[in-house]
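Please read the structure below before turning to the comments.
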Amino acid sequence: MRNVLRLLFLTAFVAIGSLAAVLGVDYGQQNIKAIVVSPQAPLELVLTPEAKRKEISGLSIKRLPGYGKDDPNGIERIYGSAVGSLATRFPQNTLLHLKPLLGKSLEDETTVTLYSKQHPGLEMVSTNRSTIAFLVDNVEYPLEELVAMNVQEIANRANSLLKDRDARTEDFVNKMSFTIPDFFDQHQRKALLDASSITTGIEETYLVSEGMSVAVNFVLKQRQFPPGEQQHYIVYDMGSGSIKASMFSILQPEDTTQPVTIEFEGYGYNPHLGGAKFTMDIGSLIENKFLETHPAIRTDELHANPKALAKINQAAEKAKLILSANSEASINIESLINDIDFRTSITRQEFEEFIADSLLDIVKPINDAVTKQFGGYGTNLPEINGVILAGGSSRIPIVQDQLIKLVSEEKVLRNVNADESAVNGVVMRGIKLSNSFKTKPLNVVDRSVNTYSFKLSNESELYDVFTRGSAYPNKTSILTNTTDSIPNNFTIDLFENGKLFETITVNSGAIKNSYSSDKCSSGVAYNITFDLSSDRLFSIQEVNCICQSENDIGNSKQIKNKGSRLAFTSEDVEIKRLSPSERSRLHEHIKLLDKQDKERFQFQENLNVLESNLYDARNLLMDDEVMQNGPKSQVEELSEMVKVYLDWLEDASFDTDPEDIVSRIREIGILKKKIELYMDSAKEPLNSQQFKGMLEEGHKLLQAIETHKNTVEEFLSQFETEFADTIDNVREEFKKIKQPAYVSKALSTWEETLTSFKNSISEIEKFLAKNLFGEDLREHLFEIKLQFDMYRTKLEEKLRLIKSGDESRLNEIKKLHLRNFRLQKRKEEKLKRKLEQEKSRNNNETESTVINSADDKTTIVNDKTTESNPSSEEDILHDEL
């Protein structure tokens with residue numbers, strides 16, 4: 001499926017912006033999936049550090065040993081599969097499945113109680129905004145910050161992926177789109193947007209309906225629909241925390257060059273029934289069996305032990321997955337409580353009997369979506385073309401059985417990847433909403449599942465602005481009833497499904513004098529502009545005061561309107577959003593933790609490299625051949641180094657200077673390499689004959705360097721002669737030509753390398769002159785050869801770059817000559833044309849004079865005058881007289 005989408009994307013891919021990438025995130029309660037799209041990575045799934053396709057939703061926060069309780073450097077965050085195992089050992093530090101708590105307060109007993117049961121041991125507190133925070137090791141973490149940490153870690157991996165694709169790329173994630181349930185209210189939506197706003201690098205965030213994400217993916221994958229025939233599908237999405245049934249119509253116009261239209265038609269949901277509920281049911285079965293087997297353990301005692309409950313929940317989750325494919329699951333929990341190991345089994349039949357009361361609830365959202373369609377839609381269940389399965393829990397056998405009973409087996413569509421359809425769809429919608437790239441066009445009609453209303457402070461009646469089923473994004477203006485007086489301030493309350501969530505205070509006092517009853521004889525009204533954004537946030541964009549006055553003109557009356565825009569402020573009711581200062585503080589805190597995590601990871605990685613190198617070095621030293629024939633001084637030095645550094649490793653802590661570790665890695669590596677090279681050279685004679693050969697090679701290389709210098713000098717001298725008319729100073733132009741950065745960097749140490757090479761040649765000459773050869777000097781001779789080989793290799797590489805660079809610069813001089821030569825030619829030709837034009841103009845003037853003279857002669861002859869060449873106008877007049 002993903003290959004099909006990638007093909008569609010590639011064929012339509014056109015970058016609108018640059019250096020940007022879109023990250024689509026399917027933010028689930030239990031798992032998170034992400035896809036990044038950029039010019040370097042069309043539809044690339046962001047894998048976890050363990051190369052898995054989905055990420056555990058949550059993280060663990062621990063305090064490192066050796067740090068004070070208030071030391072900000074002592075915090076370690078763990079993500080990925082390791083978090084699952086930490087939940088049973090450190091339940092009070094493991095923060096999982098946070099999605100249902102977004103935009104909630106501790107007053108929401110149903111949500112909070114259910115979460116506490118699923119995640120025992122965590123301490124929840126209320127913030128000053130009435131939202132939920134977790135207290136971990138006496139540090140308070142607002143829910144938005146925890147979600148942002150999770151998202152930031154994924155965005156960082158996406159950026160690393162782009163860098164791995166092309167090290168030269170400057171693409172980075174700056175836009176993000178999230179899946180979100182349609183039943184999420186204003187507070188929940190704002191909380192998710194706030195979480196995204198405190199991440200680093202994310203400039204724009206978009207919220208996309210989970211159902212619409214799957215529908216978009218389905219259309220792009222299906223590709224072909226009967227032209228002119230409207231089809232109806234239901235996306236049945238059963239995830240970990242909820243069930244959603246989204247009804248859509250899909251229409252391919254008869255003109256198949258026109259885009260497909262996807263329209264949201266109906267919705268049903270259950271916010272608490274999902275995979276997590278089934279996990280808790282299996283956990284209850286395990287708990288009951290344990291208490292029956294161990295009557296000495298009381299229920300209260302078991303429930304007071306967070307680790308025991310976490311182990312039961314973990315075993316229940318594994319059993320649920322096994323029962324999806326098998327009829328029985330074995331349970332094995334070590335040291336459940338009081339060092340008691342517990343073993344039992346759960347059958348699928350036991351599980352299905354236990355949840356029998358929930359069976360009707362499984363399909364109720366589908367019935368609700370059909371019976372509560374928006375507007376005038378009236379599609380019946382038998383007319384549905386198919387039910388598209390999404391969400392991991394839709395694979396549970398009892399769930400599929402209920403769906404088949406409701407709509408028949410052939411209408412249950414399994415050709416969509418239940419795990420990844422939403423993330424594929426949300427990234428495509430994110431691309432469209434952000435206008436980042438051009439893709440296959442789709443007409444998407446999204447509708448609100450809630451009704452949005454307002455109430456003025458002096459009235460009791462609610463006025464609907466956007467009713468259930470209204471398409472969005474949408475904007476509308478409403479003119480209020482006329483009033484005779486203007487208060488200093490008045491309020492507008494905003495409601496979602498009749499529940500107050502925000503109060504707008506309008507400052508009208510500033511215009512009271514301008515809108516008095518004398519000036520507005522017909523009264524004053526307010527024109528309020530409401531907006532339902534693409535994120536389905538309901539807000540007021542503008543409030544205008546309208547003055548209505550009556551002017552008598554004869555027997556008729558003309559109404560004259562004039563308006564002023566009023567300032568207003570907004571305040572969340574009950575649950576409040578993060579303030580700008582809180583956003584800034586949390587953003588900086590996450591940046592600090594990211595920096596510390598990166599440094600800690602690099603530190604630990606370097607420690608591991610050092611430890612590995614030390615053990616490799618020790619193994620080398622224990623080799624019989626090295627012990628007998630190795631370079632004794634270097635073997636002794638490395639042996640002592642290994643012993644000292646291994647002892648040093650025992651005491652290394654995060655306070656250790658990272659440079660010390662890198663320095664030790666380098667020292668071990670250099671010495672180990674020398675010994676290995678020495679052993680590899682065991683068959684080399686290292687005698688005078690070999691050194692004479694080395695000396696000859698060295699002189700040849702120095703001669704090659706000198707020859708190249710002379711060649712360049714000859715060319716420059718030749719150019720000075722040949723290009724004297726076009727280039728004033730050839731040598732100066734040659735020096736001015738810049739070489740590539742990598743060449744300049746490599747040649748910055750040319751003189752140093754050349755000097756070291758000459759010194760090694762001098763050392764060879766000294767040994768040859770004194771005939772210092774023999775087994776007792778073998779180590780020293782090898783060291784000389786090693787130095788010679790190293791500097792020769794470096795010098796040869798640098799000479800190659802010099803030759804290439806000089807050749808390029810000489811070619812540039814030739815090009816400069818040609819450019820200047822052509823420029824001179826153009827100037828000469830231009831001057832020549834100018835001279836020719838002037839000459840031509842002069843010739844024309846001469847010819848004109850001759851013609852005029854001939855005319856004069858004719859006139860004179862006709863007048864019978866003898867003067868053939870009058871010298872002045874005065875003479876001509878005189879003759880005429």
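Note that Cβ sites are derived from N, Cα and C of the backbone, with glycine treated the same way.
Swiss-Prot tags one of the stretches 434-437, 446-449, 878-881 as motif 'Prevents secretion from ER', and that stretch is 878-881. Residue pair Asn489 (N-linked glycosylation site) / Asn527 (N-linked glycosylation site) shows a Cα separation of 15 Å. Here the motif 'Prevents secretion from ER' (878-881) has a mean pLDDT of 29 out of 100. The Cβ of Asn481 (N-linked glycosylation site) lies under 8 Å from the Cβ of Ala525, each on the same chain and at least six residues away in sequence. Under the DSSP three-state reduction, Asn489 (N-linked glycosylation site) is assigned to strand. Between the glycosylation sites Asn527, Asn844, the minimum number of other C-beta atoms within 10 Å of a residue's C-beta occurs at Asn844. Counting other C-beta atoms within 10 Å of each candidate's C-beta, the glycosylation sites Asn128, Asn458, Asn489 are led by Asn489. Sequence-distant neighbours of Asn474 (N-linked glycosylation site) (same chain, six or more apart, CB under 8 Å from its CB) are Phe466, Asp531, Leu532, listed in sequence order.
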